[in-house]
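Chemist: Pulled these from TrEMBL:
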BINDING   Gly268, Gly270, Asp310  Ca(2+) binding site
Amino acid sequence: MAWWKAWMEQEGVTVKGSPHFNPDPDAETLYKAMKGIGTNEQAIIDVLTKRSNTQRQQIAKSFKAQFGKDLTETLQSELSGKFERLIIALMYPPYKYEAKELHDAMKGLGTKEGVIIEILASRTKIQLREIMKAYEEDYGSSLEEDIQADTSGYLERILVCLLQGSRDDVSGFVDPAQAIQDAQDLYAAGEKIHGTDEMKFITILCTRSATHLMRVFEEYEKIASKSIEDSIKSETHGSLEEAMLTVVKCTRNLHSYFAERLYYALKGAGTRDGTLIRNIVSRSEIDLNLIKCQFTKMYGKTLSSMIMGDTSGDYKNALLNLVGSDS
């Protein structure tokens, strides 16, 4: 399943919300769960992981109207650690959440390039536009300018190119002659010469539609006798390599890309909780079921089983609720 269709599929949704929804009793349940000494975490999990994002926003409104308090701030004061991080992530409207993740990736010392690459390479033009709007509203600066200030060289260029969202073309039209030309240009820019013409790679990867790129990758393999991925690995390195490979992965199969992100967040010693939380929260109302299927196909185990083995307590229970059953 190619990436530009992935966000339209209803069967992909793991968090569907409550069919008989009324925000007032939910807000009251949350208030009682946090009132007085101690917190009833299970009650918080039961409400917030079983409601859609739109419903959570209505609960927050009702909470403020009934109790005169901000729900997110109250949750922050009552919860802690990874569980808090997950629950607060659920409270952000989707685009504001992604804007926050991008902002957090750039603030302070060092930039988390991986987060920026993941979001920019995997979202559609419409989604990127909404993220940029939310970013400007919440942080008073332009996402593009902040990325330019925070990165440099070819990485900066590929990120700014991705932000334009030029890869969206749902028409699926492919000009075979242009695809062959692009493949030849990529070959000439990389394998054929000493040194690499990075801009040629960036231009083709960031401005052609996904259907067109699939054809380019096919033609490239015929000319170069190796995959585009192998060429990128041998011609580039570091964050630029990661960015280019991410574009290729998202073009080939978006669900496989997210399955891989989740797998490496859970695999080995320690859990990369930021990646785990962001991808489960941001895909739960889009295509997480399809990502789960791909995950099992690729790794021979379910996403839930890895979460169970790698996390614990309320954090684990909340994640498992969001991921849904393995059937």
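Yeah, the Cβs are placed from backbone N, Cα and C, and that goes for glycine too.
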Chemist: Within 10 Å of its Cβ, which one of these binding-site residues (Gly268, Gly270, Asp310) has the largest number of other Cβ atoms?
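Modeler: Of Gly268, Gly270, Asp310, the one with the most crowded Cβ is Asp310.
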Chemist: In the same chain, which residues outside the set Gly268, Gly270, Asp310 have their CB within 8 A of the centroid of the CB atoms that define the Ca(2+) site?
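Modeler: The answer, listed by sequence position, is Leu266, Lys267, Ala269, Thr271, Arg272.
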